[in-house]
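Here's what Swiss-Prot has on this protein:
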type     : residues : note
REGION   : 1-32     : region 'Disordered'
REGION   : 100-154  : region 'Disordered'
COMPBIAS : 101-113  : compositional bias 'Basic and acidic residues'
COMPBIAS : 124-133  : compositional bias 'Low complexity'
DOMAIN   : 192-509  : domain 'MYST-type HAT'
ZN_FING  : 225-250  : zinc finger
REGION   : 403-438  : region 'Disordered'
């Protein structure tokens, strides 16, 4: 290999010289760190799907005498977090140590408190004993700013249940502070940060959990746990599970069957009457819901379970829960389709059934916020299908009368007329191209679909069909909307999309007394 030399004396390769190309970070077979150097918060490269990806260590643990690490892959969804062994770690690349976060505000407050103490000691106003039982207000606080003991600022309420900086609480406090109204977690990072189970066997399905669920700690030592798909009871060994199954006689959820068609059934269960079963359901669902942590206080909720029937019995496909008395008008608290039944259309059936119940109650409803990412996608798809079908068929009276006779009956009983009422309500004119068809109000759409006006306007805006033209709102049925409608109708005709039949619902809205709604602790 011939090498030349330039005028400055630096060796330069000739044109026929081979040049080695490497990464900025030189890789070698020599280990740059050991297992003992790995701490919580550090970042390293981990083998995932045949390639090395940057991951953060969230926790380490001794499992059956071997050290395992819980990692979060950078720029990937949290549900891909997993426990790994040391043989999947690339020890030839440098370990990235965690950065220590310094809160500047705390430093400033600490500095001010020190200076104030010094000034007080010089003036002789402070003794040796600490008498600061009430915190002094910050000098930088503007007049009128509420203190800890002042009334709550209603404009700054965290209505979505999201965690704010400085509001972190421990896992024990989180469990103690579970809400008696709703099902939101109050602390995402501590409770659901580390997944504690590796594999779940539910009936004939092997499912990999996504998130943490507070199952008994002895089960977390097992490679897999077994769950009965009828009682939802959990076991750490196959022998225990098989022995239980030989004695188990339950073939369906322990509630009232309120709906059945050729494909699915729905069961209503009172959380107060079936505490054990509902708690087992919440434990199972918490494995796949990141932002919910309700698993113990089931008394304030009704559970609606969707099942499919086989020769063995009715198997749980998914469920949703709702508060017996919701101050916010929610018709769904938690909603979940089990992963082994996802991408089969069951999620939309659950959503459709929740609105079917709202229709019987003569109420509008909306799911409790915030929704999970998959839940939000399912709701948006359902809202889109519902509004596209309604608006297109409303623009074509023949299709509307043919496919929605029950909606016409409901609209007639509620408004005494299908035509929009005069002035005073927000209305929109439906147009198809340049041909105006009919008027419809947002309130009427809400009355027909049982969706809230907020969800309706959100969906219309997302579809980009709500316009303002010549002093009035119009809904433009575009070619894209017509294509969506044709695709939807084709799915229904080809029986690729299952629709629930309201006439097969046998249900009366439950009524509860004040004593029944009083939560016993």
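Cβ atoms here come from the backbone N, Cα and C positions, even for glycine.
Confidence in the zinc finger (225-250), given as mean pLDDT, stands at 95. Remote same-chain residues near the zinc finger (225-250) are listed as 197, 199-203, 215, 218-219, 277, 280-281, 283-284, 313-316 (criterion: CB distance under 8 Å, separation of at least six residues from the stretch ends). Residue counts of the zinc finger (225-250) by helix, strand and coil are 10 helix, 5 strand, 11 coil (DSSP-based).
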